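What follows is a short report on a single structure.
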Amino acid sequence: MEDKSDTTKGPAAHPFLHMLTTLPQSLPLGTKMASYLWVLSLGLLFMVSGARGAAPRKPIDVPFGRNYVPTWAFDHIKSYNGGSEIQLVLDKYTGTGFQSKGSYLFGHFSMQIKMVPGDSAGTVTAFYLSSQNSEHDEIDFEFLGNRSGQPYILQTNVFTGGKGDREQRIYLWFDPTKAFHSYSVLWNTFLILFLVDDVPIRVFKNSKDLGVKFPFDQPMKIYSSLWNADDWATRGGLEKTDWSKAPFVASYKSFHVDGCEASVEAKFCATQGKRWWDQREFQDLDSLQYRRLAWVRQKYTIYNYCTDRVRYPTMSPECKRDRDA
């Protein structure tokens, strides 16, 4: 189905006005008013903050078939507009998914997604990178559905050397079911950066010197899927999938991949240091990006493993470096 929304005119043409008009309606009035003030002040701050410096390059819109292939339940993937848009369909029989044709060691990976609308409790829409080796590396976006009127939860996680348990959860500052939004990963030897509409929502820096493994020698494929996870996804499994609302549909477009393609056996990138995302300005966030990240953490973060002293009495060493604590 073609998305008719025009994001070149009106409030959506400016990201800060867009934030104002797309806060979840279910949030309490006081929370929304506080968010309005934060967004206005943040917008003013951004306008006077100078050059952006380390912003990733703008993704290039390409058709699905250039970079991806279906992986399971082919009949539950629908293609539109010559493959420039696809839909994943979940029903009581099966979900579905796709993966990249190539494996990549570092790069910039982006996708525009419109989440399952309405009552999506129990469903998970996932966009992630994953290695194939035993010491598992993975970089996750997981969108956890909810009952009608409640906001989606975006969970991110990072696995390195087989170790995960680094969950962070946020509410988004817009309704992700109403229009397409961009979700991106920038991965190089210095950091992993998660972005939503170019706003940094999480950074995971290379902390090998602190004894924390970092994914640097295992190529990863890119995956996306829509599936039923009502045993844990919504309120810890308390809210079950309502199959009377099926089929559940998530829409995708702009299948951007700009990475160092490698075979599964490759341990290095032949163009290391020569790609735009390898350069000095992408070794860290600039001051504007840190302010945006602080805004997300202060206003929209609902869980951070770095501050969970019940699960982790001792804070993980990367947390201070990532400014999570």
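Each Cβ is built from the backbone N, Cα and C atoms, and glycine gets one as well.
Given the structure is predicted, the values throughout are model-derived calculations rather than measurements.
Features of the protein shown, as given by TrEMBL:
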type     : residues : note
TRANSMEM : 33-51    : transmembrane segment
DOMAIN   : 55-252   : domain 'GH16'
ACT_SITE : Glu138   : active site, nucleophile
ACT_SITE : Glu142   : active site, proton donor
CARBOHYD : Asn146   : N-linked glycosylation site
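Locations of recorded TrEMBL features on the structure.
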residue	record	CB count, 10 Å
Glu138	active site, nucleophile	18
Glu142	active site, proton donor	19
Asn146	N-linked glycosylation site	22
**Message:** Rounded to a whole angstrom, what is the C-alpha distance between Asn146 (N-linked glycosylation site) and the residue listed as 'active site, nucleophile'?
**Reply:** 25
**Complete:** Rounded mean pLDDT within the domain 'GH16' (55-252) lands at 96
